[in-house]
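A.B. asks: Sharing a structure with you now.
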C-alpha cells in the first residue's frame, strides 16, 4: 500500500492507496508546532482505526506548501514507517512541460493537480483548487503548464472581514436563502459565496478565451462542491485530484525499482 500526504497551509490530507484504489483518506490540521512523534502517533491512530499497521505501507510521497513542517514529516516517515518518502519538488520526475518563467516557483500542489488532471481528463484544462488560497491553473492543448492565477481563499477573506470590521461576526460558509440577505449573517454569506462564484466565472472565462479548444474545468478542494453548485463554468468536481496526482507521481518515480 502507498501512503500519500498533501500538506496544505490549513489542513493536511492523508490517503492510503491499494493499487489504483483509494482505500482510506483523512483530513487533519496542519501544525508547524507538532513533532515527528506527534505526527507519528496521530497517523498510527488513524491507521489502527481501519486495521492497518505502519508495516502495511511500502511507499510514501509528500506534497507540501509549508516548508517548515517538512523536517518533522520526513523524520516521522523514517522513524515509524522506516521509509524515506518521495518529496514533490526539484529532482522528482513529473512529465510536465512547465512554461512558468521560473518553474521552481510553481507550488507542489499545483504540479500534482496538473499531473492528475492531464491523466484523468486530458487537455486543454483549467484546474481550480479551493484551498487556503484559491489557485487557477491553465494547461493548453499541448499539455503544457502555462501558469495561472492565485487569489485569497474563501476562508481567508471571511476571516479578514470578521477581523477588520468590528460589527461583523464570524460566519459559516454556506448557501444563503436569497442573494438579498435579510440579516447580517445571510448578507455576509451572500457576499462571500456569490462573490467567489463571480470570481471563478470571471477568471475561468478569461482563461477559456485564450484557448483555441474549449478546456474542461475541474474543481477540487473542500469548498469545491458548494461553489460548483452555484457556477455554470465548472464541469467536474474531483475531491481527490491531489491524492490521485501523488499516487501517479509515486508510480512514475519508482517504476524502475519495481
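Glycine is no exception: its Cβ is also placed from the backbone N, Cα and C atoms.
Swiss-Prot lists these features:
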- 6, 7, 8, 9, 10, 11, 12, 13, 132: ATP binding site (BINDING)
- 100, 107, 108, 109, 110, 184: substrate binding site (BINDING)
- 109: active site, proton acceptor (ACT_SITE)
- 129: K(+) binding site (BINDING)
A.B. asks: Determine, from DSSP, whether residue 184 (substrate binding site) sits in helix, strand or coil.
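C.D. replies: Residue 184 (substrate binding site) sits in a helix per DSSP.
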A.B. asks: If one measures from the C-alpha of residue 110 (substrate binding site) to the C-alpha of residue 10 (ATP binding site), what distance in angstrom results, rounded to a whole number?
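C.D. replies: Taking the Cα atoms only, residue 110 (substrate binding site) lies 16 Å from residue 10 (ATP binding site).
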A.B. asks: State, in Å as a whole number, the widest CA to CA span among the ATP-binding residues 6, 7, 8, 9, 10, 11, 12, 13, 132 given in the record.
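C.D. replies: Roughly 13 Å, rounded to the nearest whole number.
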A.B. asks: Nearest by CA distance to residue 100 (substrate binding site): which of the binding-site residues is it, out of 6, 10, 12, 129?
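C.D. replies: Checking each of 6, 10, 12, 129 against residue 100 (substrate binding site), the shortest Cα distance is to 129.
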A.B. asks: Let me make sure I understand the span of the substrate site: among 100, 107, 108, 109, 110, 184, what is the greatest distance between any two Cα atoms, in Å?
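C.D. replies: If we measure all Cα pairs in 100, 107, 108, 109, 110, 184, the largest is 42 Å.
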A.B. asks: Going by Cα-Cα distance, which of the binding-site residues (8, 12, 129, 132) sits nearest to residue 184 (substrate binding site)?
C.D. replies: 132
A.B. asks: With residue 109 (substrate binding site) as the reference Cα, tell me which of the binding-site residues 6, 12, 132 is the closest one.
C.D. replies: 6
A.B. asks: Cα of residue 10 (ATP binding site) to Cα of residue 129 (K(+) binding site): how many Å, rounded?
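C.D. replies: Approximately 14 Å lies between the Cα of residue 10 (ATP binding site) and that of residue 129 (K(+) binding site).
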A.B. asks: Return one of helix, strand or coil for residue 108 (substrate binding site), based on DSSP.
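C.D. replies: The three-state answer is helix.
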A.B. asks: Using a 10 Å cut-off, grab the number of neighbouring Cβ atoms around the Cβ of residue 107 (substrate binding site), all chains included.
C.D. replies: 19
A.B. asks: Using a 10 Å cut-off, grab the number of neighbouring Cβ atoms around the Cβ of residue 10 (ATP binding site), all chains included.
C.D. replies: 14
A.B. asks: Measuring Cα to Cα, how many angstrom lie between residue 6 (ATP binding site) and residue 129 (K(+) binding site)?
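C.D. replies: About 13 Å separate the Cα atoms of these two residues.
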A.B. asks: When you measure from the Cβ of the residue listed as 'K(+) binding site', how many other Cβ atoms are you left with inside 10 Å?
C.D. replies: 26
